[in-house]
Amino acid sequence: MAQIFKATKKPLKQQSLVLDITAMDHHGRGIAKHNNKVCFVSNALPNEQVKATIIADKARYSEAQTHKVLQASEYRVAPFCEHYNQCGGCQLQHLDSSQQVVEKQIAVSKLFEKFAKLDELNWQAPLLSKATHYRRSARLAVMFDKKAKKMHVGYRASGSKSIISINECPVLSEVFANVFTVFDNLINQHKALHSVSHLQLCQGDEQNFVIIRHTKPISEDIKALVAQSAAEQQWQLVWQSESEVIEHSHLAMPFYALEELGLKFEFGLNNFIQVNASVNQAMLKQAQNWLALKGDENVLDLFCGIGNFSLVLAKQAKTVIGVEGVASAVAMATQNAHTNSITNAQFNCFDLTNKIETASWFNKNLDVLVLDPSRTGAITVLEQLPLKQFKTILYVSCDPVTLARDSAIISQAGFELHKIGLMNMFPHTGHIETMALFQRR
């Protein structure tokens, strides 16, 4: 039998280097040069000099971790969370909140220059968030620590699968302030709860939910004990077995209201909603203002979810067609249209990664295109849609790289980037949300 030689991977030498940081990338990492390659440096800011250790050395770039700041930026601040240096949830607490937005905007501009060949962007004022307690949903991990011989409830460590035990998360909604200690105590006191793999948190306007995912059956007696502790915190419990379905029909449907827009959105606990409630409302108002619909437009809203944009725009448009690949979200969008007495919006379930030429909504007489894709972007639909039929395209992005890439396609189809603005949906993280408005030349 022939043996195939496989070279042993050499361990990386722990080099300590002095690096001069010249810029920040779109993940919130400092950028330096080392050995004629770009080096991405965590916990480093532009115009700083740091001592760092190389943690990955690739063919075209390297990665490093700062362990000492030799010359600090004027915008460097002390992190406000006790877990910041271990937890992987936030990446930018060491940077002043206002400057975070500035650096993110610079990073997006560079991506547009690189991928879309656009070097002058008409930046609008960013949509800002409060600095703390902005998350209305989160996912917590639960894992057994062999060394400590106990279960931990917390977040994943930065760059690791291990769990950081958390006392309190200052970016999480205050209604869940005690969730870590309450469940840490419960799970460690009752061995039957060691089958809990994670907790999902979701805050509605009137109810706060904790979904408990478990891999083995849990007795009703234990469930009652957990329910009692949850009731003291005003949390609604939902138990989820290995099945992916989150069954909560026995509880009132969660919802969020957009009072300024006069809308109410119900959602299932397995549906996607925006994490930051205040920025979501500001984002929808901005979309309404930027599009400035006059009442005779036909709007196509792709990746529409539960109707977040569709129903807002339906109030000003002639018709809105929403398309979404998740059936439960389409059902909620249809229900939300009915709840809000909106009759000019219809919703279709369709996998937008597939060919769309046979879809019932394809090639309609449409004026406005709204895109709100996942991080993979909208390239699949942009390459298939007859874009020239649209007068306006509104693109809402959660990944600036795919936005810049897709903007090149939109520009080549005869559109001009009219406006662009950041939405600081996730302060203190490397995540960048952007809204861009394109108009046909």
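FYI, residue positions are counted from 1 along the chain as it appears here.
Just so you know, glycine gets a Cβ as well, placed from its N, Cα and C.
A coil conformation is recorded for CYS398 (active site, nucleophile) in the three-state DSSP classification, outside any helix or strand. Taken from Swiss-Prot, the feature active site, nucleophile covers CYS398.
A simple way to gauge crowding: the CB of CYS169 ([4Fe-4S] cluster binding site) has 24 other CB atoms within 10 angstroms, across all the protein chains here. Residues or ranges marked as [4Fe-4S] cluster binding site by Swiss-Prot: CYS81, CYS87, CYS90, CYS169.
Among the features that Swiss-Prot reports, S-adenosyl-L-methionine binding site is placed at GLN274, PHE303, ASN308, GLU324, ASP351, ASP372, with the record citing sequence analysis. Within the same chain, residues at least six positions away from ASP351 (S-adenosyl-L-methionine binding site) with a Cβ under 8 Å of its Cβ are GLY325.
Confidence in the domain 'TRAM' (10-68), given as mean pLDDT, stands at 93. Summarising the annotation, Swiss-Prot assigns domain 'TRAM' to 10-68 and lists sequence analysis as the type of evidence.
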* How does the domain 'TRAM' (10-68) divide up by DSSP, counting helix, then strand, then coil residues? -> 0 helix, 35 strand, 24 coil
* **List of residues, in chain order, with Cβ under 8 A from that of CYS87 ([4Fe-4S] cluster binding site) and at least 6 apart** => CYS81, GLY154, TYR155, ARG156, ALA157, SER158, ILE164, ILE166
* Of these binding-site residues, GLN274, ASN308, which scores lowest on Cβ atoms within 10 Å? -> GLN274
* **Pairwise CA distance, CYS169 ([4Fe-4S] cluster binding site) versus PHE303 (S-adenosyl-L-methionine binding site), rounded so that it is a whole Å** => 31
